[in-house]
Amino acid sequence: MAETLLSFGVEKLWDLLVRESDRFQGVKKQFNELRSDLNKLRCFLEDADAKKHQSAMVSNTVKEVKEIVYDTEDIIETFLRKKQLGRTRGMKKRIKEFACVLPDRRKIAIDMEGLSKRIAKKDKRNMRQTFSNNNESVLVGLEENVKKLVGHLVEVEDSSQVVSITGMGGIGKTTLARQVFNHETVKSHFAQLAWVCVSQQFTRKYVWQTILRKVGPEYIKLEMTEDELQEKLFRLLGTRKALIVLDDIWREEDWDMIEPIFPLGKGWKVLLTSRNEGVALRANPNGFIFKPDCLTPEESWTIFRRIVFPGENTTEYKVDEKMEELGKQMIKHCGGLPLALKVLGGLLVVHFTLDEWKRIYGNIKSHIVGGTSFNDKNMSSVYHILHLSFEELPIYLKHCFLYLAQFPEDFTIDLEKLSYYWAAEGMPRPRYYDGATIRKVGDGYIEELVKRNMVISERDARTRRFETCHLHDIVREVCLKAEEENLIETENSKSPSKPRRLVVKGGDKTDMEGKLKNPKLRSLLFIEELGGYRGFEVWFTRLQLMRVLDLHGVEFGGELPSSIGLLIHLRYLSLYRAKASHLPSSMQNLKMLLYLNLCVQESCYIYIPNFLKEMLELKYLSLPLRMDDKVKLELGNLVNLEKLENFSTEHGGVGDLQFMTRLRALSIYIRGRLNMKTLSSSLSKLRDLENLTICYYPMYAPMSGIEGLVLDCDQLKHLNLRIYMPRLPDEQHFPWHLRNISLAECCLKEDPMPILEKLLQLNEVSLSHQSFCGKRMVCSDGGFPQLQKLDLCGLEEWEEWIVEEGSMPRLHKLTIRNDPKLKELPDGLKFITSLKEVHVILNNWDFKKKLSRGGEDYYKVQHIPLVRFL
């Protein structure tokens, strides 16, 4: 596993040396020797990669070589970065620093010679050894199981308040629970639904908070102690009909910790999943426990065939006899477990020839004969399949997949951030971008991993892309092999070695401080808010090789330590929700940053010196929502930006935007007077812009010249407007290909529908928070031909809605929320046969009564599968 990863690292380092060879004057001899030695490493790793399973000596050697590669990269980049900083400083400083140049050259010469000696030592002792050749969503039968479980949850006569699914890992417990959770009968029966991934290292407070966000969203922003959470949830679950899914509970005592929020004999139900049947018995000794069976050989073949031949799912299609024979031999090693079948299918779906199948079948047998370090006897064959699937990944995907091991179990990973983590660590090499954005490359990698069933993710309905992902716990065990190889470490890791990456999730600050004494640390991620801590001045001084630094929620109080300017290798820096009031001017040294998030806590007014103009490599920039009045930013130099958030006209010039021609996403906050034609002119230069948000402050204040706003952006698909205006601009002011539009706080006095319905590509429309202040709204025949989702929320003056026959013929989901004066749903809904879901959230009992079965308006919604009242 590490051999391939290292080959990737050596190739990346080789590219760096070739690209920058002209900049090593004064150390040419040592440079050329080092480059020659690296070539030896490449040859060694190619040989080692082929025979990694049979030799402990090879494994140990690879670990030592890995340290050499990392140290080489650190030395080379430090030398190059110092030279670059020298070029960008004034003449006086350059003359003053000239005396340091020769010592720097002597130091790198000595460092290079030391590295060459280390490589030579490896070459002499280990690399000459030879290695012996060794040639060694798709579901079946789920419907009945889902129906059975749904029945136990919704039937009135079933008194079991806890329903359980138990069985070994990979048998499909979570998949089954997810199907039940999303079942239309369940959605219509329960007023609130909550899903919680419990995991081995859960905290009770986290579980309770997650449940509260779903069953009592009005309390989300309230800070509560555990006792307060327990009391609030106990009351809510005593009055509301809710389904809580507790996925992956490990121990009986874990249930005991969570259980106090559930009052006896009320309308709530729990669906839990666990590998441990004892958990189910502890939760409800007399409750219904469902145990999925392993798949039969016939069912296994059906699943496998559907995955590997996705376009040929007909009984008439004939699979090549020899491939079918090989396939049936391979699936025997999956043990009837759906997870293993999906992963094996994901592996073979990208291989099309009989010879490739024979090779993979030989590798499966080789793994089982040769063995790996997995010790679970009951599932050893399954682990071998998963391990082989990893090894069959392309090199670039292996590196990116192993990176996921550092995140906690069941942690939901944000894919935009992950794309930048990968880029900051140089995992996709420069040629992979070839003009594509960092996010697009990351999306492509995730799509590959999803296709191979190595990660779990679902496309977002609005953006049509993967936004988050996570690992199945068994797949994560394969991924965690990386920790043994000293590549990463999580906060709870027991590894005595010094890793290059560290993830911190709350925890003991004393223990964390000990781990931060490692000067070779390259990546530090805080994934929970840490609270007050005063040790960062020392950390920044010590951790000068850092590439990725995510300081989510860290409380600095006042000024960020100036020593952060020493982290000259940083490519990723996030201060999201951190607490700070001043950024130091030393941050101007962070010229290699690709990603910079300065969106600190909203309560903080922060001062930012005018150093952002020097960060020419930036691809992502998120500015604070509140900045000191003295802040003036020049951003016109940031021509590589792909995403700019929270740009304020109070602190920056709109004219700077026209130079950011690579922008895909932009949010603008307009404060004070602004010429709309100037803004439109700048936006017209952004030919690749896909997502635009424009907000005007103060809210509900008239804005002059709004009729001059023309959004002439060729690629614009998503538009969010929070601008006070009595009337929408005419439809020709909007891009014809706009897919989503969201309006809020506009106070439109004229009905916006006659304009919006002429934007023929609209897929989703949201009108919220007083976006419309009129009384009557009409959707006419032929309007909104592509619309699938419509949200009408917080329209306090709206009384009447007319929908003509032929309007919104593809509408799938409708939400009506907090529209207190709306008298009734329109008669025309009965013509929209595509409607699948209607959600009505109103404090109006008569409204619900009329739409319920037997009510006078029931005919309007009787064709809709799911109608929910909250």
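Placement of Cβ uses the backbone N, Cα and C atoms for every residue, glycine included.
Copied from Swiss-Prot, the annotated features are:
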- GLY167, MET168, GLY169, GLY170, ILE171, GLY172, LYS173, THR174: ATP binding site (BINDING)
- 123-432: domain 'NB-ARC' (DOMAIN)
- 543-567: repeat 'LRR 1' (REPEAT)
- 568-590: repeat 'LRR 2' (REPEAT)
- 703-726: repeat 'LRR 3' (REPEAT)
- 735-758: repeat 'LRR 4' (REPEAT)
- 759-786: repeat 'LRR 5' (REPEAT)
- 808-833: repeat 'LRR 6' (REPEAT)
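Shown for the repeat 'LRR 2' (568-590): DSSP residue counts in helix, strand and coil, namely 5 helix, 5 strand, 13 coil. Considering other CB atoms within 10 Å as the measure, the emptiest surroundings among the binding-site residues MET168, ILE171 are those of MET168.
When pLDDT values are averaged over the repeat 'LRR 2' (568-590), the model yields 94. Look at THR174 (ATP binding site): DSSP puts it in a helix. For THR174 (ATP binding site), the same-chain residues lying six or more positions away in sequence with a CB closer than 8 A to its CB are ASP247, ASP248, THR273, HIS472.
For the repeat 'LRR 5' (759-786), the number of residues in each DSSP class (helix H, G, I; strand E, B; coil) is 0 helix, 10 strand, 18 coil. Helix, strand and coil counts from DSSP across the repeat 'LRR 1' (543-567) read 5 helix, 7 strand, 13 coil. Beyond the ends of the repeat 'LRR 4' (735-758), by six or more residues, the same chain brings 462, 699-700, 711-729, 764-774, 776-780, 783-784, 807 to within a C-beta distance below 8 angstroms of the stretch. Of all the binding-site residues listed (GLY167, GLY172), GLY172 sits in the most crowded Cβ setting, with the most other Cβ atoms within 10 Å. With DSSP classes pooled into helix, strand and coil, the tally for the repeat 'LRR 6' (808-833) is 5 helix, 5 strand, 16 coil.
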